[in-house]
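Visitor: Starting off with a structure, shown below.
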Amino acid sequence: PRSDCIAAEQLCLSDSTCNATYRTLEHCALAKTRVLPLDHDSRVRCLNAELDLGNSSLLHCKCQRRMKRQEHCLRVFWTVHASLADGYFNLETSPYENPANEEHWKTDYNKLAAVLSGKDCSQLSGDATNPCLKATHVCNLSKKCVRHRTDYASICTRGVGSEDMCDRRKCHRGLRNFFEKVPEDFTKRILFCPCQDELCGERRRKTIVPECSFYYNTKPNCLWLLDSCLEDHICKSRLADFQQNCQPADVSPDGCSQHSHAACLQAYMGMIGTPMTPNYISNSSVDISLWCTCESSGNQKEKCDQILSMFESNKCL
């Protein structure tokens, strides 16, 4: 198995030659995040440093979505692969392990079914016509699910509707915690519950408390959202993962070039709680978009439209 990037970094720092190469790459990555123009010699030095790693475990390391010290791991990955971050359509290598290689959370369905069958029917009234309400009831059966859901809901609703703005950064962190720490059997039920009416659709659309996590008073330009994302290791990583796993393909039965619709949905969930948080755009459809516009994009209009279309008209997603 690939080593994780934290272990690979420790191994590299213990070797004097690798250590010196890695420090050069750190300087190169720092210059990129601060958008400092590198002269020709510096660019050559950065490229040579990346090539000098050769077969080092640093060059092939990955991170896991639910690992501890995830931000540190991702920082190491982008230090080594800074050349991949030149633009949205160059983010073709995900820093995350293939989902098939990760240990998945398991739900004891027999226990869950037993608990559900023992519940008073009146408590589940409306579930038949509102699958999103049923998904919430199922979440309430798990202490971990209800705790993390309550946490982000309380953070994201604080200040909404008053003169004070909500703390979007904390709201996003709470959402990421929910989707990372709660088993996917619960989170997918809540986020992707199938709806037949607008009442159900409204509940689904409001799952991520869009007033705080999604909307701005005025729609920002999508290129601004992209720039905000590329400055953040987690968002940049989730975007790379989304691009890799949700790349559309006309010839594939599920519309995905990686032939895994499930991996795309997981990558989509990873985008929630980042500066590029997507959401349903109405109560009556499953259409998804970013909260941004491509008006006033100047000569970058085509690039902006491509970013938006990855969410709005993506066959795989």
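Numbering starts at 1 and runs along the chain as it is shown here.
Glycine residues also receive a Cβ, built from the backbone N, Cα and C atoms like all the rest.
The structure displayed is predicted, hence computed values, not measured ones.
According to TrEMBL, the domain 'GDNF/GAS1' annotation covers 5-85, 132-212, 222-316.
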Visitor: How do the residues of the domain 'GDNF/GAS1' (5-85) split into helix, strand and coil according to DSSP?
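Guide: Split by secondary structure, the domain 'GDNF/GAS1' (5-85) comes out as 59 helix, 2 strand, 20 coil.
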Visitor: Going by DSSP assignments with H, G and I as helix and E and B as strand, what are the residue counts for the domain 'GDNF/GAS1' (132-212)?
Guide: 60 helix, 0 strand, 21 coil
Visitor: Count the residues of the domain 'GDNF/GAS1' (222-316) that DSSP assigns to helix (H, G, I), to strand (E, B) and to coil, and report the three numbers in that order.
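Guide: Counting residues per DSSP class in the domain 'GDNF/GAS1' (222-316), I get 48 helix, 9 strand, 38 coil.
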